[in-house]
Structure formats: C-alpha cells, structure tokens
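Pulled from Swiss-Prot:
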- 129: active site (ACT_SITE)
- 75, 76, 77, 114, 115: substrate binding site (BINDING)
C-alpha cells in the first residue's frame, strides 16, 4: 500500500510530510460561477439586497474559506497564506452569470490549489445563500483550477475551452 501518498503501511490515512521540501512562492487561481435571474442580478448591481452587499459578503466568505481550507479538506496542510483576492466579472450576453476568480498565494512547502478552489466555491455558495429568497433555481457552474505556479511540479495553465 505504500504507493499511495496519503495511506500508511497499515492502510490508514496519513498526511504527507513536507518538512524536507523547499520553501517557494506558490500561487493558484481557481474559477467558479453562478447564474442568477435578472431580478437577482439587478439587486446585486444596485446593492438593494435585504441581506446587504452581496459581492462584498461573498468576497469575505471566499477569503475566510481559503484561510480555513485545512479544516474541511482532511489531507490539506494548514498554510500561512500571504494573499487572497476574489474578483468578479458579469457575463450578461445570454444569461446573468457571475464569474468568480479566486487567487491565493503563499511562500511555503506545498501548493495553494485547494485554497483557491475552496475560496471560489464558497464565494459562489455565499451569493446563492444571500439571494435564495428570490429564486432557489440559481445554478452554480463548474469550479476548476485556472493556473498554479511554484513548487516541484512546476507551473500549470488550464487550456481555454
């Protein structure tokens, strides 16, 4: 069973030891999205939602999620993050889709891909939570890693769809 990195000799879960790895600058950006109806879109851009500023709250949720990733992903190392940025862009060409990009960085011994993915997911979930009173039919779209840099495995950039 030793060919599995997160399973010990007894077949039980373990978190890998990264103490011998080099400290390098590591960055990851993840994408998620949520498609809403026109009324929700208008509430968000006009800042008229009864629960408050939807995008500011969602940004805070994404930041908190990145910082707490190791508490919800079992084999994820707790990291000292040095930067977290949540960015939004509306696509209103055929629907009302809010595209979310979460960028996380650190100087450390392991990457921040899971932190970026968790941040993007929590941001979309928070938009849903704050607007679900108007419509429960919103759709959270694909969540995926866009880029990562640093570390032994090198850089990654997702191919365009």
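In case you wondered, yes, glycine gets a Cβ from its N, Cα and C as well.
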Review point. Hey, does DSSP put residue 76 (substrate binding site) in a helix, a strand, or just coil?
Key: coil
Check your understanding: Excluding 75, 76, 77, 114, 115, which residues of the same chain place their Cβ within 8 Å of the centroid of the Cβ atoms of the recorded substrate site?
Key -> 69, 70, 73, 79, 110
Study note, to complete from the structure: the residue listed as 'active site' sits from residue 75 (substrate binding site) (Cα to Cα, rounded, in Å) at a distance of 28
Practice item. Do me a favour and check the Cα-Cα span between residue 115 (substrate binding site) and the residue listed as 'active site'; whole Å is fine. Key: 21
**Study point:** Candidates 76, 77, 114 (binding-site residues) - the one closest to the residue listed as 'active site' by CA
**Key:** 114
Exercise for review: Note down the number of other Cβ atoms within 10 Å of the Cβ of residue 114 (substrate binding site), including every protein chain shown.
Suggested key: 22
Review point. If you count Cβ atoms within 10 Å of the Cβ of residue 76 (substrate binding site), leaving out that atom itself, what do you get?
Key: 17
Point to revise | 115, 129 as recorded positions, winner by CB count within 10 A | key: 115
